[in-house]
Amino acid sequence: PLGTSTQNYAFYGPDIIYWIATLGAVACEGVLAALLSIVAYKLIIQNPKGWTKYVVGFGILIPFWVVFPPLLLQMLDVQNKLMKFCVGAICPTLAIFHTSEAMFGCAPPHTTRSMADYALYWGSPIYLIFDSKKQTYVKANTTDLVAHLTRFLLCLFTVGAIQSILAQSHFEPYPVPADEPWYSASRFLNRHQLSNNIGVTFLMQSYMSMYTVGLEATAILLTGRKVQQVMNNPVLESTTPSEFWTQRWNTLVQGVLKRGVYIPMRKMGCHKLVSVAGTFLASGVLHEWLLTIVYLVVDSEKGTDGRCSDCFVPMHGGSTAFMLYMSLIIAVEKTVAHYEIFAQTKHHRLPKPILTMLLLMLGIPVVHWFMDPYTKSDFFLEGGIGLPMIKPL
């Protein structure tokens with residue numbers, strides 16, 4: 001009929017080459033991390049006394065892992081933002097905090113039994129489960145591998161479905177002022193912003209689950225050992241801030257933050273809550289650094305004037321502010337949890353869905369502080385290359 005139009009859609013399968021290239025880049029970094037672990041083992045683990053370990057750690061290893069990802073991205077001419085994120089967020093991040101663990105004597109004991117064990121610890125982007133009683137790694141079987149591959153495929157199609165919906169509105173289904181920064185007061189508790197934040201929270205969890213399950217399956221395949229689950233449905237299952245951050249959300253990074261920042265601060269005499277704040281601050285700084293990796297402009301993206309006129313430039317500060325806010329929430333939790341009015345006992349406990357909803361109400365209003373650089377750029381759109389999606393023609 002006159003005045004009407006129809007939009008045609010088509011199904012697009014995931015780009016296998018993208019997955020192979022991403023996995024290849026992470027694998028190369030894993031091999032390099034395993035090689036550099038020899039330096040940490042010889043000069044730090046086996047020399048725990050004196051200042052040499054700090055010179056090697058703070059002067060060589062940590063600076064190397066800070067500057068290496070941009071060099072690798074330039075060399076490989078990587079333009080995809082999600083691949084850039086993987087190159088910076090996995091092996092380099094773990095290696096930085098593994099170095100801190102080593103300097104402050106906080107590395108897991110079973111990883112330092114030999115140079116081979118330590119190289120495996122540095123080189124693997126996923127934790128391998130270790131049986132402390134039998135003093136051996138737990139072997140995986142075919143069932144474990146099939147289960148992880150099945151979960152990966154389920155995550156792949158789930159993320160593809162979510163992104164197929166959200167991408168139609170560029171991940172902001174409800175209109176919000178485009179030019180207002182993350183710290184704008186008008187965006188806090190704005191009902192449109194809150195609705196958008198809920199959507200991108202589930203999208204981010206789905207992305208994290210998909211990529212980490214894929215890494216878990218790869219680790220099982222290559223090592224034949226069982227692995228620790230990285231993402232455990234934090235958004236829908238957590239009932240306290242501590243449970244969310246220590247047991248369910250990215251336990252891989254939370255583990256190295258605990259051993260690389262929190263425990264060393266406690267050893268130096270810092271108060272428990274100060275150590276929590278310091279750990280979240282370190283996480284915030286890490287994510288600010290990751291933004292410089294994700295939005296690095298490689299040479300092929302530059303024009304004749306040496307610049308990229310249409311490249312997205314992220315606003316910094318939001319990740320750190322978000323993490324410090326979360327540390328404040330946990331500090332309040334630890335301070336008031338022992339009071340009887342807040343006590344959760346077997347006979348006086350709110351239903352789990354209510355607790356989860358209350359927890360989300362604490363974080364959802366400020367999610368855009370952290371997510372703005374990703375939702376306002378082509379980060380997720382470029383990640384869609386690896387997803388099965390329905391797109392308009």
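Heads up, the Cβ atoms here are built off N, Cα and C, so glycines get one too.
For the transmembrane segment (16-41), the residues of the chain that approach it from at least six positions outside its boundaries are 56-57, 60-61, 64, 68, 72, 76, 78, 80, 82-83, 86-87, 90-92, 94-95, 98-99, 102, 112, 115, 118-125, 214-215, 218, 385-386, judged by C-beta separation under 8 angstroms. What TrEMBL lists as transmembrane segment is 16-41 (among others).
What TrEMBL lists as transmembrane segment is 53-73 (among others).
Nonlocal intrachain contacts for the transmembrane segment (145-166), taken as residues 6+ away from its ends with a CB within less than 8 angstroms of a stretch CB, comprise 14, 173, 199-200, 202-203, 206-207, 209-210, 213-214, 216-217, 220-221, 380, 383-384, 387-391. Under the heading transmembrane segment, TrEMBL lists 145-166 (among others).
Taken from TrEMBL, the feature transmembrane segment covers 273-298 (among others). Long-range neighbours of the transmembrane segment (273-298) within the same chain, counting only residues 6 or more positions beyond its ends whose Cβ lies under 8 Å from a Cβ of the stretch, are 66, 69-70, 73-74, 77-79, 81, 84-85, 87-89, 93, 96, 253, 257-258, 260-262, 265-266, 307-308, 311-314, 316-317, 319-324, 326-328, 330-331, 334-335, 370, 373, 377, 379.
The annotation transmembrane segment is assigned in TrEMBL to 313-332 (among others).
As annotated by TrEMBL, transmembrane segment applies to 353-371 (among others). Long-range contacts of the transmembrane segment (353-371) within the same chain: residues 182-183, 187-189, 193-194, 196-198, 200-201, 204, 235-241, 244, 287, 318-319, 321-323, 325-326, 329, each at least 6 residues beyond the stretch ends and with a Cβ under 8 Å from a Cβ of the stretch.
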